[in-house]
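Visitor: Could you have a look at this structure, given as structure tokens, before my questions?
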Amino acid sequence: MPLRKMKIPFLLLFFLWEAESHAASRPNIILVMADDLGIGDPGCYGNKTIRTPNIDRLASGGVKLTQHLAASPLCTPSRAAFMTGRYPVRSGMASWSRTGVFLFTASSGGLPTDEITFAKLLKDQGYSTALIGKWHLGMSCHSKTDFCHHPLHHGFNYFYGISLTNLRDCKPGEGSVFTTGFKRLVFLPLQIVGVTLLTLAALNCLGLLHVPLGVFFSLLFLAALILTLFLGFLHYFRPLNCFMMRNYEIIQQPMSYDNLTQRLTVEAAQFIQRNTETPFLLVLSYLHVHTALFSSKDFAGKSQHGVYGDAVEEMDWSVGQILNLLDELRLANDTLIYFTSDQGAHVEEVSSKGEIHGGSNGIYKGGKANNWEGGIRVPGILRWPRVIQAGQKIDEPTSNMDIFPTVAKLAGAPLPEDRIIDGRDLMPLLEGKSQRSDHEFLFHYCNAYLNAVRWHPQNSTSIWKAFFFTPNFNPVGSNGCFATHVCFCFGSYVTHHDPPLLFDISKDPRERNPLTPASEPRFYEILKVMQEAADRHTQTLPEVPDQFSWNNFLWKPWLQLCCPSTGLSCQCDREKQDKRLSR
């Protein structure tokens, strides 16, 4: 046989082998995100009283990141950064106003259609993709059926969960997250109307001023209208905003908390079982442990930390079910699993009965909605038995934005070249090929405001953190903004610092002792480098539409989703009650 003809079969065999080898090297990817879980809650991060054996098992079988940072201390912007590998301010997913998360399903704001998620990249590489649980990145733009922000328009083949978030208002008897705001928007106008009525009545009775009867009726009508709108909003909020979806269809409105974690677990397990022969991406986004807190009968009252501990332990059980399933299907060695939280624990969450409904941020100051370490330092666990050595601990600064380039590279997907990607590939750190994080600088945003800069200089163990402003805790001396339920980012809610507050996080992780020129000889030199880095960073920020503008944020009736039902109740339950997984 001529040599040229002999080469052809060998070349074909080589290319076939290369293709099969590439497919075999691409792992399944499971990204697990808790909601408002503090770094001090899991046992593997030091908690001795909440039982998290399955999260701990994940950590002992892989790598535990001790300085893993959320790109934002709030749900919506943090999740946008996680999905895109970019600071949320780059996509308009960071608010310039008081409210930094979406509160209505019928808002037009959301993750822009031109943003590229890791789900899009992996779907293009042949991965089957699913999001189970919480989305909170918007739904529709112009009509209720355009679904421009829906998970299925951002790279996911399958969606089962909630489009908004879990809120107190979603569970009867748990109060409302709007109470504080309504004190200004509702109660203050009512007080003004009431005082005006009494004053006019007194003047009229004393004969000092003649007030037509129509004025009294008008003021009474205005007060009744304000009160009616307030009560109507609270009454209809739950069915209009708290519902379960499967892909584009509402299947339960309002959603039921009965065995909700079990239902999410069943959906995740079924997705894995459907994709044992093809690579898959599963984002399992728990509703735990955001309020309203809940748990099934098997976990209620079983922990040492009330309903919060019950919820954490139920979530841990669910993680264990996924790990056990991977073992049963012999997929564990070929699956990269990542576990994290979208931000730190919400320390201001206290029930009307005085029970603590927020978690623990361990030794760290602050919590959700601020950039003290307690608000942004979150659990970060990765396991891939075939590649990552078990039992490691990495203290280098990493970000939840790093997941985007990491999974893209593992899937063989090229990174977009038409935009800045702020995340960095974690694999050199995880495989021990590098001892240093690729992040020399990280920037911490309070909504859309640049709040702080973190600098890890080369050839140094120091990790400097400079605050341009800090939240005003209330009461003074507490560890949170209890008067407003979360900390805000501007005006009288913050204190600006000139020069910035400077800490060495490597020596003072509790952020108790700000440095001074007397205690740090290079004080001004360090701040100069950090300010220059911040200036360079802000110059890379494009002008983009604000997804939290009043126009995008407010409720729009023509965008309201409602399942077909009799009357105007927006109530239905098409959810098939799957048999609960045994504990």
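Every residue, even glycine, has its Cβ placed from backbone N, Cα and C.
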Visitor: Out of N259, N333, report back the residue that Swiss-Prot marks as N-linked glycosylation site.
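Guide: Out of N259, N333, Swiss-Prot attaches the N-linked glycosylation site annotation to N259.
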Visitor: For C489, which disulfide partner does Swiss-Prot record out of C446, C481, C562?
Guide: C446
Visitor: So Swiss-Prot lists D35, D36, D342, Q343 for Ca(2+); which of C44, C75 goes with them?
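Guide: Record source Swiss-Prot; matching candidate: C75.
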Visitor: From the set N47, N459, which residue is assigned the annotation N-linked glycosylation site by Swiss-Prot?
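Guide: Out of N47, N459, Swiss-Prot attaches the N-linked glycosylation site annotation to N47.
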Visitor: Please work out, from what Swiss-Prot records, which of C141, C148, C205, C242 forms the disulfide with C170.
Guide: C242
Visitor: What residues, ordered by sequence, lie under 8 A Cβ-to-Cβ from C148 (disulfide bond) and sit at least six positions away in the same chain?
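Guide: In sequence order, the residues whose Cβ lies under 8 Å from that of C148 (disulfide bond) (at least 6 apart) are G110, T113, G138, S140, C141, H142.
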Visitor: Any idea what the model's mean pLDDT is for the topological domain 'Lumenal' (22-184)?
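Guide: That stretch averages a pLDDT of 94.
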Visitor: Could you say which of the binding-site residues D35, D36, D342 has its Cβ with the most other Cβ atoms inside 10 Å?
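Guide: Selected residue: D342.
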Visitor: Looking at the recorded positions N47, Q343, which sits with the largest number of other Cβ atoms within 10 Å of its Cβ?
Guide: Q343
Visitor: In three-state terms from DSSP, label C170 (disulfide bond) for me.
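Guide: Helix, per DSSP.
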Visitor: Please give me the CB contact count at 10 A for C170 (disulfide bond), counting all chains in the structure.
Guide: 25
